[in-house]
Amino acid sequence: MSICIVGSGIIGLSTALAIQDKEPRAKVTLVAESFSPDVTSDVAAGYWRPYLLSDPRTDVLRRWGELTFQHIERLAYREPDTGALWQSGYEMRQDSVKEDFFWKDTVRNYRNISERELHNMGFSQFKSAIFYTTLALEGSIYLPRMLEQFKRNGGMLQHRRLENLDGIGGNYDAIGNCSGLGARHLINDTSVYPIRGQTIRVQAPHIKHFYVFGDDHYVLQNGTSIVLGGTHQDHDWDTSVRPADFDHIWNGNTKFLPALKTAKIIKQVTGLRPGRPTIRLEAESRAVCGKTKTVVH
């Protein structure tokens, strides 16, 4: 069996590795315009927490999320050099509603924080909060390690931009479309749009927990640094670093967590998350180079 995976981000690479694990005799080729360290997954903090999802299918999202969580958990226990790590912390809310998130049973140690505890911590400007333990997967560590594993397993790489699926040729039995934003031009999926994110990476070893302050600010632990964010700007294709966004991120996070003021800034980065009204995970029979192929989006 010969399979082509389009896209080398965390979804494409993880899919290719999963196929190699399930079907060791399959010939798997990874085709992408960019590879690590030049993909969005290198920019992301890799923090496990369902985020920016408009998809209403909470049962499906819970199941997919649990499978992902379990995968990262196995990496954390068995392959710590892949960038997987545990982290605990606080998520602050501007409202006082104590409604639990649909993913509360996936993470560990999930509990509501009392108003007294919030006050004692110095976060009395927030109405409510939760504490939990989750996982992170540092893309800049995970991707290079897994790419080497993919090649050791016999996987092949093609470094080029595709204008459409015909560009991969007709010699594959199946195709995995893991192209993220590239799906707009690759398969004309105009429902995919960018959600621009800008972050600041800092060194602050004295920060021992993660913090999420409402919808606009977060402090996330990482294998090599701490990620301060962030922005979530829909339909924004700008990948430059904006001074105004830096001010928003830095001033907001240091206001809520003054201990960050002594942090050493390492770099500023931007990335374009692929957004969509619903997550697409489905198989399609599609003509590629005049032949009907199974394409899994």
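The backbone N, Cα and C atoms fix where each Cβ goes, glycine too.
Quick look at what TrEMBL lists:
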type	residues	note
DOMAIN	3-278	domain 'FAD dependent oxidoreductase'
BINDING	T40, S41	FAD binding site
BINDING	Y218, R273	D-dopa binding site
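Between the candidate binding-site residues, T40, S41, the densest Cβ environment within 10 Å is the one around S41. Note: the CA-CA distance between Y218 (D-dopa binding site) and T40 (FAD binding site) rounds to 18 Å. Taking a C-beta cut-off of under 8 angstroms and a sequence separation of 6 or more, R273 (D-dopa binding site) has the following same-chain neighbours: T40, A44, L52, P194, I195, R196, G197, H232.
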